[in-house]
């Protein structure tokens, strides 16, 4: 399994190299020179900024080799993440190494010259690998053992450091020196303190312990006057934090390397073993000023407690002559009403869309339910002066011919439901007019007295007078569309696919209002008003307050039908 992981890691490194020959990498002109001690473990990072390395892949090469350095942790020289490891460094490792960073848009290349050195004769170090650090005479300061961040343990703690001066153990109990993490604190700096200091530690890698050594050339500065440190952040500010959350407080200072930067809360410094508060230190050379550094002390708060809101966290910057402070006060977050508004608006919109969809699907049922349930509680409308709820217009047969299903629907089924069950009042020519009356006058008068015009259509219009071509139909449609503004309801007793043979007025009504298609049979039996046809027809009819017609009145419809059938052949001439 371990070999498989190594193989996969190597494949992941080698795949981006397939296009190496064709890609042009931008090479940094500045060369980085690095020194290492022979037989010691050493780790080198790619000297690019975090912004330059963001989103990219780091690959290391030695000299002019086209083969990347191995990612196998068992190799003495190998790449681990973006770092180059020497476990340990050997004299033959000297040379130059290329760190190449590439992503989907660009490629950066930087050169590092590596020198692996042996100790100078009679010394425990090589002077070429020395780091120069300076402190002011008569002041307090610290020497820092550099580049130990790579060797933190699993608890993110720096290793224990031993200090030597001129290769002899340095006593840390004489009042002038004491050790603190990776720092050697020097109190009341004097000229005799200058010299070469060595810090030593060790690091265990894959079960084997390797030495780590750094040498520092300590130079004293006679003039103790120095610039005042500047706290870049915080600036006496407040910070919103939720109770129980994890936060970081960053104290960013521009000052001298020896300035102390630390946090206090409620008058006390942060203890090193505090389970909730922990400090982390970092220093960088200032990019725009010589002999100045960016000192960053981060206070990690693993859990915001209620007492943290009572007192501010104070950042202190201290040297021999100056003490600067700045604070951060934690406050409870202000409720973000914007999210509530957005959420409420989203819920309202979703509800509105849902209701609109429900209404569109069940519109007919909702309107009919409202009429049946709430009409008694609404104020009565003023009378519109009309007598009939609908004027029924249907095709007339030529001569003595008759279509029984049409007569059954017009004179039996339609009145039975609309008049018998829902109390509507219909005017049906041939039932409600009198023998001998002028058809044009009857039509003109009764259309004006009706609230709706129901036009009944059948598929085979060839056996009927054409709707809209006889005087009766022309008057009815004209009055409904033009003069009276009456709503027209088209009823298809049979499914009609082609309306091109229909009069233009019928085509216009069909296009604008559609038609209701009959889906039942024409047997003379009680009709259920709960079918979709009758619901759609009732929806198109005006709201009704009257009670259904009595059973006695309904029984009179059949004699009327018989009278119609008997008189039709005698008095009713085909229209058209």
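Using N, Cα and C of the backbone, Cβ positions are placed for all residues, glycine too.
Bear in mind that the values here come from a model prediction, so they are computed numbers and not experimental data.
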Note = Residue among 196, 236 with Swiss-Prot annotation N-linked glycosylation site is 236
Note = Counted with DSSP (H/G/I as helix, E/B as strand, rest coil), the domain 'Ig-like C2-type 3' (229-331) has 4 helix, 58 strand, 41 coil
Key: Distance [Cα-Cα, Å, rounded] between residue 199 (disulfide bond) and residue 315 (disulfide bond)   = 29
Inquiry  = Given a Cβ distance threshold of under 8 angstroms, which distant residues of the chain, six or more beyond its ends, lie next to the transmembrane segment (339-359)?
reply    = 366
Request  = Identify, in sequence order, the residues in the chain of residue 145 (disulfide bond) that are 6 or more apart from it along the sequence and have a CB within less than 8 Å of its CB; answer 'none' if there are none.
outcome  = 161, 182, 183, 184, 199, 201, 214, 216
Key: Cα-to-Cα gap, residue 46 (disulfide bond) vs residue 315 (disulfide bond), nearest whole Å   = 32
